[in-house]
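Structure first, commentary second.
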Amino acid sequence: MLKKQSAGLVLWGAIIFVGWNALLLLFFWTRPAPGRLPSDSALGDDPASLTREVIHLAEDAEAELERQRGLLQQIKEHYSLWRQRWRVPTVAPPAWPRVPGTPSPAVIPILVIACDRSTVRRCLDKLLHYRPSAEHFPIIVSQDCGHEETAQVIASYGTAVTHIRQPDLSNIAVQPDHRKFQGYYKIARHYRWALGQIFNKFKFPAAVVVEDDLEVAPDFFEYFQATYPLLKADPSLWCVSAWNDNGKEQMVDSSKPELLYRTDFFPGLGWLLLADLWAELEPKWPKAFWDDWMRRPEQRKGRACIRPEISRTMTFGRKGVSHGQFFDQHLKFIKLNQQFVPFTQLDLSYLQREAYDRDFLAQVYGAPQLQVEKVRTNDRKELGEVRVQYTSRDSFKAFAKALGVMDDLKSGVPRAGYRGIVTFQFRGRRVHLAPPETWNGYDPSWN
């Protein structure tokens, strides 16, 4: 308020100065000479008198202007002192201030992998509906397969998306026993080309990969914007995924949509990676089955991904190389989060490895151990959170099936598992399917 008042005083001083000079000039030109009244005839009869009058007026004006210059100098001096005191900007005002310590949002493209599904419209409609900024989240649709109907759907979005096309549509030479897997080879080829475009051609620092049959949650962009700095800062992480492999509605805590975990299993299905990771993977990218290849120890290198309690993507694509089998048995039951969580306003430091391992392991092994049958029949409800212990590959698979969680293992790692532990909801309470506390690593022979 004081600054506004001071600025107002300076402005009024300048206005008074200009107005005062205008009045003075008007006064000097219209006032009579000292001692007599002027008349047109007198001035016209005596040119010398006219000259003297003009000179006299000029002298008076000069004296008054000199006095006014002094006044103006005083105003300038007072303004200078006031500006130093209040640090008034002399340039255009700065941009709207950010919260201290909040970096500008990074540019993270959404790479949509498309082929021959014209239903890509459903995927793109949701992405565009929830996208908070076209500048920070450009959408790039990479199309394989040469399917014209799908191409027309993508083109209908105009400049809202960027449409690129994988140029090599030829069949891939494979061994006779792999001919039925031709689709998996083409998918791997497409991923390699599309990710190469994102990181090698467009030079983006990161990207979120989304398949054309995924629908995203309202806070999909918020989730990745918040976890991107964590992924950059923590070398023990190598991806952030929107997917929970055990995310069926009855197996998640719907009251905690903000809950995030570390997982040793690569989930895919809407995942964020950095350019540095692509530089590491591209030279050895596989010919086929790229996602299972990502789950091998030589690629994972002990690193983890972030995954949510409630998935931020949902697949609606029954059509695909797996012929709908996995979709019917599992994928279509995954719950999509509908409650917006302001992740960028939350403290996610609990996901850093040292803090997470300490707190998560204390939580799991601090929970009372209960036999799987007692969990199934909901005995000992008073215990609340419990732990079911397995000691072998076979006992893991048996207990997982009994409790309804995914029982397959990739290089020894269970889906959604971290340090061998799979955590989920069962009949309203938290259950941890866990190895003994002495666990010291995965056995790749557990497949």
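Cβ atoms are placed via backbone N, Cα and C, with glycine included.
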| task | Name the cysteine that pairs with Cys145 in a disulphide bond per Swiss-Prot, restricting the answer to Cys115, Cys239. | result | Cys115
| Among the recorded positions Cys115, Cys239, Asp291, Cys305, which ones place their C-alpha within 10 angstroms of the C-alpha of Asp144 (substrate binding site)? | Cys115
| Candidate recorded positions Cys145, Asp213, Cys239, Asp291, Cys305, pick with smallest Cα gap to Arg117 (substrate binding site) | Asp213
| said: Going by Cα-Cα distance, which of the recorded positions (Cys115, Cys145, Asp213, Asp291) sits nearest to Cys239 (disulfide bond)? | reply: Asp291
| message | Please compute the mean pLDDT of the model over the topological domain 'Lumenal' (30-447). | response | 88
